[in-house]
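According to TrEMBL:
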TRANSMEM  20-40  transmembrane segment
TRANSMEM  52-71  transmembrane segment
TRANSMEM  86-106  transmembrane segment
TRANSMEM  144-162  transmembrane segment
TRANSMEM  182-205  transmembrane segment
TRANSMEM  217-237  transmembrane segment
TRANSMEM  249-268  transmembrane segment
TRANSMEM  280-298  transmembrane segment
TRANSMEM  304-321  transmembrane segment
């Protein structure tokens, strides 16, 4: 199994164990993101500005990267800093900035588990950009595995779109008493399609940059998140009147910011040493974490289609990473 396929060839057991632990941690944080956002709701709404959460997340990632370089966890290259190599990171920063804001806005138009499963539509767009931009070919077995991931998302999405709770009154689900129903609006579906296209392009382009440049990962992240902070600072400042930067933040909101920052750093390591496809499987497998947390914290009622979707995801993982 190659690095691009998600494996870590030539590594000893300790480093292989760290790689697996990193993937498991990222899976857990991906799955916890939407339920944590739902726990931030006050009277059915997110009490802080979405741009504030995204800006603070980018700033946290930037500070963590700078700290890593300062304490020598990753060596600074000799000679003058290669700032000319920083310019290409402006595009993924722009794309990530758009998607990070979309993730929060999407919570207004669907429940957390529906978002988590439908976001698997990014599998198709990422695979397409992966083949076109990186000029890689997927085997028939790998292609079938990715199709199974998409089928899992479609299976559960059908249950969510037809859920009787979606026909209830238009008040936010978090404001209702009783279990949170599965729901999605037409506008939410359109925004999610845009999210998936942007996600696929940004993921593959970032992988291409990180693997072509012979620079420490922390320095590459420093470039990326510097652009991210500047971009999101402009978006926040130009967003018009509204709550202040930290207004409406709670302990749950702080946990959202910290978990997203740490997950962003973990994903950059996956992009550098793994692949965009590995990232897809991490996101897809986080469905299990998302479902458990949604059921426990939000009392979300899971349909039978969810269990079929989970089975399909497990089969996809086996096909892609199992012995060939």
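Cβ atoms here come from the backbone N, Cα and C positions, even for glycine.
Simply put, out of 20-40, 52-71, 182-205, 249-268, 304-321, 52-71 has the most Cβ pairs sitting under 8 Å from the transmembrane segment (217-237). Among the stretches 20-40, 182-205, 249-268, 280-298, the one making the largest number of Cβ pairs under 8 Å with the transmembrane segment (52-71) is 249-268. The stretch from 86-106, 182-205, 249-268 that makes the most Cβ contacts under 8 Å with the transmembrane segment (20-40) is 249-268.
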